[in-house]
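Only one structure is covered here, and it is reproduced in the block below.
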Ligand code: SAM
């Protein structure tokens, strides 16, 4: 018998399933944008939950943060100017700043409280926040990219919550058109694209919308993320050219000993598209 006071449980009514971690809640607050909770778990370290959905745990965030940053940065030929939309826990920013080619990395999250709580409960994710190449600002990513100078970015990473609430406008053609305009010709865009198993229609609609916005190609990446629904997650890279340049995983060699999931092999493995996803993407 589970004691509800000792467990965080994310119930997924649509899929008649639930995910739980044993631990206790140590913080909860309603910000102007969302409801944030922090749990201290027994085996997974700290856990951040936004609007009832798991975001980051100490134990497994490396899967997501490494795969949101290194594949795209190791595919762009020379990434210098990087924008992260969302990502307020600062874990993606830390990974981006491991790349010596990066000259500036700007993180725009709508909710300052996510970053302040991350500084308190996930200090390791914030260890690069004082890097002179980093800019951390709090704004709506939708408005920020609308006003960005054309061709001013090499890589845009959208590390957002699900397409509801403040993140809803980060998943449509108008937003993707603005991202396309803000990127240089050889620029690359990547966005977390949910679970292909549980959120197939969203996953496909995102790729369709990226191409409708003028991106010539979309390339999905697949990786584990144990605390997210189904444990199987994805990101989608969009590019102005029809075929992505070959990955240069050697770009990550200088800091390879800091990595837990990304490698030349896992990069290749993440690009393999399973039959169920091929069928999903080619469906009408
Ligand atoms: N890894 C997580 C996932 O896939 O569930 C995402 C974690 S990250 C903490 C998500 C961030 O997106 C939150 O901090 C939230 O404040 C931010 N966000 C949501 N909508 C946004 C918007 N319109 N502009 C900028 N940031 C936004």
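Glycine is treated like the rest: Cβ placed from N, Cα and C.
According to TrEMBL, the features are:
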ACT_SITE  159  active site, proton acceptor
BINDING   34, 109, 140, 141, 166  S-methyl-5'-thioadenosine binding site
BINDING   65, 89, 159, 160, 161, 162  spermidine binding site
DOMAIN    5-240  domain 'PABS'
Integer Cα-Cα distance in angstrom, residue 109 (S-methyl-5'-thioadenosine binding site) to residue 162 (spermidine binding site): 14
Max CA-CA distance, Å, over listed spermidine-binding residues 65, 89, 159, 160, 161, 162: 16
Rounded Cα separation (Å) that holds between residue 141 (S-methyl-5'-thioadenosine binding site) and residue 89 (spermidine binding site): 15
Additional residues around S-methyl-5'-thioadenosine, ordered along the sequence, whose Cβ is within 8 Å of the centroid of 34, 109, 140, 141, 166: 33, 86, 110, 111, 160, 161, 167
Proximal residue to residue 65 (spermidine binding site) among recorded positions 34, 140, 159, 166 (C-alpha distance): 159
Cβ packing number for residue 166 (S-methyl-5'-thioadenosine binding site), 10 Å threshold: 20
Position of peak Cβ density within 10 Å, selected from the binding-site residues 65, 89, 160, 161, 162: 89
Max pairwise CA distance, angstrom, over record-listed S-methyl-5'-thioadenosine binders 34, 109, 140, 141, 166: 15
Sparsest Cβ surroundings (other CB atoms within 10 Å) among the binding-site residues 34, 109, 140: 140
Inter-residue C-alpha distance, residue 161 (spermidine binding site) and residue 140 (S-methyl-5'-thioadenosine binding site) (nearest angstrom): 13
Pairwise Cα distance for the residue listed as 'active site, proton acceptor'/residue 140 (S-methyl-5'-thioadenosine binding site) [Å, integer]: 13
